[in-house]
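Have a look at the structure below before the remarks.
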């Protein structure tokens, strides 16, 4: 060992001494400091002892160490007079780390404490996304979030996740990742796009503040934000950004075991169900975009377009659950309803486009409005779950309107115009009717929380947030008022019919015919309320005065809050024609055959 010239006289002991019996006191020749040296025999049988005097740069002057040769397997005897040990005390160590510690070699590499992955128990490589985990679970979690993957469990969602079985059930593995503290938002904020054109503009106008969320439509477990430029080149930011995933991370299962988002007890877990409507919407949107751009190179005749639509709706039909649905006959046939009446749509003559409806405008089948929530239910509320639930409600509302014979009698062009004009009102009525099933209050509270954080982070302008907050307040007020009135299924059905057959929208044809249908809906609602709630004289008036509030809600904000997570910059108006072109018999037949 190389060291400066010692300033302390070292006296070695005779190798024949069997035990540490001698204590020598030496004096520093310069300072006069007395140091006690304890000597002992090396148990390795070495003929000569090794006395090592630490350098002044060591742990401290005056430390004397007696150590066995490095090649010896015997224990090392450390003699020291430093402050951390009693002078003259013998400390027996067998590992090099302790020797290095006593020598003051703190910079020498030493064995690290082994940590284990909290998910599978394998050797951890560090803390990733908020939890100590191995490289395998780190990569699995990152892929699941970035690619928006969703999984299903073939068992009871309680599979054992360990080093050897972690790949058997991806659903339970991802679930355990979340339970052990891995954060989805950490994955999203880890990297930023390198494309400058995708960066958020600092001076974004309030009118263009929207969010478009990148989607893996095979299985959208969670939304990943991206900014999509409009046709005019304006980049947009918006309401549901990455922070939405932070502030909306509210457990869907309370501590007492009750579920916030109610689901149908008969519904079974189905793999990929969460993204089914997203696939349909995108198929229709892409087809619409191709047709609007005049790109017919890949879409030859109308037959191919029809087949694209049919395939899309086949997928849609399998996601819906209407056990009581039946194929609707054509308008020329009579329909026997459960109430015993029949509906006949009769045209007086070709020159007079007024149609008379014999029997009730709505049958008992139109009263049933059963929304099936996406399955499997995620443990934490996320943007795609909200958008998927809203999309199912929208499609269910349009299918409900499509099944009314009087509505079909108006013709395809009139149908499209009516639904485009009132889809937001129909959707809002559906929200009020299904508020408990969707846990609407939880969804709105999460959105409000996110908007409050957006104010602090200057992600949205004050005017834009004010508009959205007013819209949410109106929506919540409307739903609360409908719940307070305790509107039943018949009343909701007739209110939707009144909204659907509104003749005052601009650009409508056959306004006289539409007005007659609306009057009939109002009369039938009045008869029902008088018979069912005869003791409540003002009930009908209190119900009808709620309808004007629907016109005060912006369809653009509704679309932005509930649908951009799935369809991006594709408008609802562009999707409506394809939904209404589906043949009712084929549509209902697919639904009946695919009931969950």
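Heads up, the Cβ atoms here are built off N, Cα and C, so glycines get one too.
Under the heading phosphoserine, Swiss-Prot lists 19 (among others), citing a large-scale study or a structure entry as support.
Taken from Swiss-Prot, the feature phosphoserine applies to 46 (among others), supported by a large-scale study or a structure entry.
Annotated phosphoserine per Swiss-Prot: 55 (among others), in sequence order, evidence recorded as similarity to another entry.
According to Swiss-Prot, the feature phosphoserine maps to 68 (among others), an assignment based on a large-scale study or a structure entry.
Positions annotated as phosphoserine by Swiss-Prot, on the basis of a large-scale study or a structure entry: 98 (among others).
The DNA-binding region feature in Swiss-Prot is assigned to 114-189; the stated evidence is sequence analysis. Model confidence over the DNA-binding region (114-189) is summarised by a mean pLDDT of 87.
Tertiary neighbourhood of the zinc finger (117-137): same-chain residues 161-163, 166, 173, 176-177, 180-183, 186-187, selected by CB-CB distance under 8 Å and a gap of 6+ residues from either end. Residues or ranges marked as zinc finger in Swiss-Prot (evidence: sequence analysis): 117-137 (among others).
Within its own chain, the zinc finger (153-177) has Cβ neighbours under 8 Å at 117, 119-122, 131, 133, 136-137, 140-141, 144, 221, 269, 376, 379, counting only residues six or more beyond its boundaries. The zinc finger annotation in Swiss-Prot covers 153-177 (among others) and rests on sequence analysis.
The SUMO2 cross-link annotation in Swiss-Prot covers 192.
Marked as phosphoserine by Swiss-Prot on the basis of a large-scale study or a structure entry: 219 (among others).
The N6-acetyllysine annotation in Swiss-Prot covers 231 and rests on similarity to another entry.
Positions annotated as domain 'NR LBD' by Swiss-Prot: 341-583.
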Open item on the list: When secondary structure is assigned with DSSP, how many helix, strand and coil residues does the DNA-binding region (114-189) contain?
Closed with: 27 helix, 8 strand, 41 coil
